[in-house]
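As recorded in TrEMBL:
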DOMAIN    14-462  domain 'Major facilitator superfamily (MFS) profile'
TRANSMEM  94-114  transmembrane segment
TRANSMEM  120-146  transmembrane segment
TRANSMEM  177-199  transmembrane segment
TRANSMEM  205-228  transmembrane segment
TRANSMEM  268-292  transmembrane segment
TRANSMEM  312-334  transmembrane segment
TRANSMEM  346-366  transmembrane segment
TRANSMEM  372-392  transmembrane segment
TRANSMEM  404-427  transmembrane segment
TRANSMEM  439-457  transmembrane segment
Amino acid sequence: MDEKPSARRGPDVCSLRYGLAVVMHLSNLSMITQRVSLSIAIIAMVNGTQQPAPANASADRPLQDPSGPIGEFHAGSSVYAWSPETQGILFSSISYGILLTLIPSGYLAGIFGAKHMLGAGLLASSLLSLCTPLAADLGVSLVMVIRVAQGMAQGMAWTGQFTIWAKWAPPLERSKLTSIAGSGAALGSSLILCVGGLISQALGWPFIFYIFGGLGCVCCLLWFTVIYDDPMGHPCISLREQEHIVSSLAQQPTSPRRSVPLKAMARCLPLWAIFSGFFSHFWLCTVIVTYLPTYVSSVLHVSIRESGVLSALPFVAASTCTVLGGQLADFLLSRDLLGLLTVRKLFSALGLLLPSLCAVALPFVASSYMTTVVLLILIPGTSNLCDSGFIINTLDIAPRYASFLMGISRGFGLLAGIISSTATGFLISQDSASGWRHVFFLAAAVNLFGLVFYLTFGRAELQDWAKERTLTRL
């Protein structure tokens, strides 16, 4: 049944829950800049314009000739002989780490509270980012270890956010609040891609990690000060806002859970529809986030400064579309123009189909600079419309287990990221022109599979296994 939530409204943009969304926005911005730092720094770290290394050069050690072709970069920065295959493994290693902690952190955050777990993850990721340049000098293997550990820390910080929104977000504001928080990832990507090249040229690539690692430490202070697990325990919330949040969530279970209905979850097709959507969405998103600077640099043949600016534009569009999509989704719901299920499927379809069409078109317009740039901007922008679709669907069908299920969902997404980033590194190492074509065609096919599966089996009503089993309180 296509259900419509109650249209009751409370305090809006100046409320504390929107302040929490802004803090989460900044935290997500910080984490994604730390994750993408390597993607922009790698251009200077390996310097594709450099002549081949001697036969006895180690892949782990920096090349000690910063003269000649690499004059575009800061003279004091080390350069490494890392092959495309090695770079692909480095890019995907952070996904391995996130995958290891997504499910257990989501479950534990639901039991013990998300504030301290998420804050600790953000702090650990920031400190590891500060250590990355030293690790690179000591060897590529240590960089992989750092990236895996950083992924584990970020896995702790990503999934527990839904535990907080399950208690803070009224049903008619879920799309808006989660889109404001989630748009930090897209804005962070645009920020690091825009200024990363400038930092690399002016100060050297190590300062990319130093600056954004330090930014994460500052965000940790803000996180522990503002974020609380429950509106009932926040010292600064107004009584009006507290009553609005509590009353809007009155029909949802809030008691602590002692067990997770894993068998029922495994048999739930609407849940598998969400998982398939995450897998498809993250496949293309990982390729874009990880390899966009490389694609812009190698296919459009621009400098690292221009590469960073061009690579940032798609994520400016993505951040804008995330927020506007959330506003539009909640507008359609609050005015009873569309039902909840229709809204979720509409935004999921737009977020999977439109970027697929753009990706398929890219190889055919490579000779046109402007057309290529436009398509690269549209891919992340339209893809983030999914944030108002299946991305938050677990809050509809099982709010009681939202954090745990978000961990599993992101696990499927990270699995797709591991496969896609490794496969992309392999494909473009064989032949650049045909390799990129195969990369985009494969991503479009995966997206279409996820779209068909979600449209067929996706639901928005509360599932039986997610309902409260205790006696009703009078």
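FYI, residue positions are counted from 1 along the chain as it appears here.
Using the three backbone atoms N, Cα and C, a Cβ is placed for every residue, glycine included.
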Please give the sequence-distant neighbours of the transmembrane segment (372-392): residues at least 6 beyond its ends with Cβ less than 8 Å from one of its Cβ atoms.
174-175, 178-179, 182-183, 186, 189, 273-274, 277-278, 281, 284-285, 288, 292, 295-296, 299-300, 310, 313-315, 317-322, 325-326, 328-329, 343-352, 354-355, 358-359, 361-362, 365-366, 454, 458
Best-contacting stretch, by C-beta pairs under 8 Å, relative to the transmembrane segment (205-228) and drawn from 177-199, 268-292, 312-334
177-199
Sequence-distant residues near the transmembrane segment (268-292) by C-beta distance (under 8 Å, 6 or more away from its ends) are 35-36, 39, 91, 95, 189, 193, 311, 314, 348, 351-352, 355-356, 359, 376, 379-380, 383, 386, 389-391, 393-394, 397-398, 405, 408-410, 412-417, 419-421, 424, 428, 439, 443-444, 446-451, 453-454, 456-459, 463, 465
Per the Cβ under 8 Å criterion, with at least 6 residues separating them from its ends, the transmembrane segment (346-366) contacts 277, 280-281, 284, 299, 325, 329, 338, 372, 375-376, 378-380, 382-390, 433, 436-437, 440-441, 443-444, 447-448, 450-451, 454-455, 458
Going along the chain, which residues at least six beyond the ends of the transmembrane segment (120-146) come within the CB cut-off of under 8 Å?
27, 30-31, 34, 37-38, 45, 59-62, 78, 80, 82, 86, 89-90, 93, 105, 153-158, 205-206, 209-210, 212-217, 219-220, 223
Same-chain residues near the transmembrane segment (177-199), Cβ under 8 Å, at least 6 residues beyond its ends
17-18, 20-22, 24-33, 36-37, 39-41, 43, 161, 165, 168-169, 205, 207-208, 211-212, 289, 292-293, 303-309, 311-316, 318-320, 322-323, 325-327, 380, 384, 387-388, 391-392, 395
At a C-beta cut-off of under 8 Å, are there same-chain residues at least 6 beyond the transmembrane segment (404-427) that contact it? List them, or none.
84-85, 87-89, 91-92, 95-96, 98-99, 102-107, 110, 155, 158-159, 161-162, 260, 265, 271, 274-276, 278-287, 290-291, 394, 398, 435-436, 438-439, 442-443, 446
Averaged over the domain 'Major facilitator superfamily (MFS) profile' (14-462), what pLDDT does the predicted model reach?
83
